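Feature annotations, reproduced from TrEMBL:
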- 296-331: domain 'EF-hand' (DOMAIN)
- 1-23: signal peptide (SIGNAL)
- 74-90: transmembrane segment (TRANSMEM)
- 102-123: transmembrane segment (TRANSMEM)
- 143-164: transmembrane segment (TRANSMEM)
- 205-222: transmembrane segment (TRANSMEM)
- 234-256: transmembrane segment (TRANSMEM)
- 419-437: transmembrane segment (TRANSMEM)
- 457-479: transmembrane segment (TRANSMEM)
- 491-514: transmembrane segment (TRANSMEM)
- 520-539: transmembrane segment (TRANSMEM)
- 546-568: transmembrane segment (TRANSMEM)
């Protein structure tokens, strides 16, 4: 079977594993006083009976999930369980992310990057939302489903406030006179107007898509907005259909217009230009680019500049760079010399005058050498073969993203082992997400009962840390490279994650509400999601430069969201 055909089959298999691991069946228990429902699968009969009794008596009660996992009624005990199960959900999200990246290496962009990976990224959140409303009777589900709404709102708000603002802070560079960030130059400290970040136009397109994704929230709130006494189930069903269609449309857009993957491809091309020029310079320039101890040899770099500068005017122009690149002859990669020139000028020309001066050239080569050493050695240790190793690696990355094979006809060193490892990580992550979502929801619910803190606030603050922290750390590390390209990719992925929350996770939530006949009464929660997505969507859709002060706009939205829910629910009685 071709490797590209594995993607849809593996997706179906993972979803089947998720359902099997969760294994919920809702069964009715008839009593003289009425009907109570409890989960009978994976729970001991005594525990199920105790749960029914607790519901009928209006009390709490400690119920062991699956009949053997620990439970407690104490505050400290439930706090420990929340942290423990939260850590396991964090590991599940980490395994899913690692497996997705390995799968991308095997199958390349397109179907995988556009359809498979976004769904896997949203799987832990979707699983937690699903189990929050499957347990027990309709009354129990109605109380626990607030945890799912808290997670949905908390993930969206955290991504667009705390994470977005942090990426601005760690990625900030000096702003030029036209308010554009200068790559890798950060000399103005924490100047609110003198430093900031810049993204490209395509990132603003991702922000617009994110803003559009709030439409299902508006649809489901129509009866509340117009104070209609009927039509609530119809609005939930319509919202479910629209959310599902938006998931499909967004995934198809990523498949047929994979500009995020094309951006990664552009970055690998730049790295290959870097490696080719460095390798050529090492062979043909008088002297080594690095001394024996690995220290850059600046005089040799200046000689390379003089060799390229044919008219000796102290600046490298496009024609001179193109002539040099053509002379390098990238025989192992089909490289567009004009595109390579554009990439080099964009990377080296910090003064933005469309030419490269000697100081800019030296600084650029020094950055390239440092990146080459870090790329081939995690420790940054110097090796005389590092340029050859860097060239080989970047060539393979370039060919892999183009869907080509290398000289040996194999894109990666051991595709069979890589495929096995990817599938194993995905299965492990999916199984863990399915198995520990229910006990985490139970622990949050019990902690809420023990502390009298509304479960919404616990899930809003704590649960997104479990499901999104690994992605958040990766985004911050990527933003810290202080490049427009890497920042553009970082913010695009943040907007993409919010879009999946607003479509896929909401579709799961609405399906749960509709199938179980639950009451849709989440006006304050929907309002904060709508406001945060709309404010940040409009704020980022029509601009590409963000001074440092903009991070405070994002940061302030987080506590304001919590305050707004508290005031609306507990002061104005929206709940």
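Cβ coordinates come from backbone N, Cα and C, glycine included.
Unlike curated records, TrEMBL annotations are generated automatically.
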Using a Cβ cut-off under 8 Å, which residues of the same chain at least 6 positions beyond either end of the transmembrane segment (457-479) come close to it?
82, 85-87, 89-90, 93-94, 97, 121, 124-125, 128, 146-151, 153-155, 157-159, 163, 166-167, 170-171, 197, 440, 444, 447-448, 486-487, 489-490, 493-494, 497, 562, 565-566
So, taking each listed stretch (143-164, 419-437, 491-514, 520-539) in turn and counting its Cβ pairs to the transmembrane segment (205-222) that are under 8 angstroms, which one gives the highest count?
491-514
Report the DSSP secondary-structure composition of the domain 'EF-hand' (296-331) as helix, strand and coil residue counts.
22 helix, 3 strand, 11 coil
Ranking 234-256, 419-437, 491-514, 546-568 by Cβ pairs under 8 Å to the transmembrane segment (143-164), which is first?
491-514
Mean per-residue pLDDT in the domain 'EF-hand' (296-331) works out to 81
